[in-house]
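Taken verbatim from TrEMBL:
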type     : residues : note
MOD_RES  : 41       : N6-(pyridoxal phosphate)lysine
ACT_SITE : 41       : active site, proton acceptor
BINDING  : 139, 315 : substrate binding site
DOMAIN   : 247-372  : domain 'Alanine racemase C-terminal'
ACT_SITE : 268      : active site, proton acceptor
Ligand SMILES: *Cc1c(COP(=O)(O)O)cnc(C)c1O
């Protein structure tokens, strides 16, 4: 999968075999009646939506899920031929295209259903939908039996809409206390029972729930972050039934090396002052690549050792302090393993006060993705 432009050593190296292994391992934990939906929104959490979706399908997933209509269309444009579900809201104007491209969309509520039926009045095709039930996420979906009944009645008004599935989303499945998750599941079960005909795919579990509560797996799980080898939280990490294998490694090479011979300011603002004798190297990666400015002082790996980023991170470059002279061209691991050391998205997330999900999607498009293990 070589790209036309490949002159920059800064790249994300992605293991498709790791993705496949994570998918296979989770499938082994689930009953044979539970299918897997591979969540590849936000360009496969930064790993490449198309490649990740294909890898997941090869490992046994039946469907890809995305957040937006555009993400679904991008998969179709790239030749992805398996079922796709748009989990977020779709504008009504997307529906005929969705039907043509065999993309299932989410019914977000009563008004959406009304608008959809109106839009598809003279429509000849079939639109596949999943009805979203809000059991405690507070985002999209109907919230009561009354609303569900009203919605189902509206959808009966057209033969152009086929209800393939219904789903809910857990808000706290990654937290220690599972009370809310159990409550959400209970509420979901009650509302699912209101369908005159149980939809073919009833699904609730995200990665955290799929890994911790196999009893909530139902007809399918929506496997997102875990597919890429990242645990949703430390709680899940401690409880997960198998080791997730990280799929992404962010690496670069030393572009320039110098030894300073006096006290010298380094980078914008001159906030770091190198001491005489220090070896300072420049890396061709910066905040426009996803190496956030807040990561100053974060370490990277050179020759299997942790070395610190020093000074302000620039848009396209940053500086590190080496314990000794190292040649230009020396490999540097920004995220991933080198020797026995490892720098994880969790480590960055802690430093930045966020969650690993945000780190994964922060690695910029500009960073070349390289795939192996196909
Ligand atoms: C993002 C998302 C998922 C996947 O969640 P993970 O925690 O990454 O597994 C599942 N369902 C919905 C509705 C989502 O938005």
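Backbone N, Cα and C atoms are what each Cβ position is placed from, and that goes for glycine too.
For the residue listed as 'N6-(pyridoxal phosphate)lysine', the same-chain residues 6+ apart in sequence whose C-beta sits under 8 angstroms from its C-beta are 49, 65, 66, 67, 68, 71, 87, 88, 224.
A straight line from the CA of residue 315 (substrate binding site) to the CA of residue 268 (active site, proton acceptor) spans 11 Å. Rounded to a whole number, the C-alpha distance linking residue 139 (substrate binding site) with residue 268 (active site, proton acceptor) is 42 angstrom. Counted within 10 Å of its Cβ, the other Cβ atoms near residue 139 (substrate binding site) come to 12, all protein chains included.
The Cβ of residue 268 (active site, proton acceptor) lies under 8 Å from the Cβ of 311, 312, 314, each of which sits 6+ residues away along the same chain. Restricting the average to the domain 'Alanine racemase C-terminal' (247-372) gives a pLDDT of 98.
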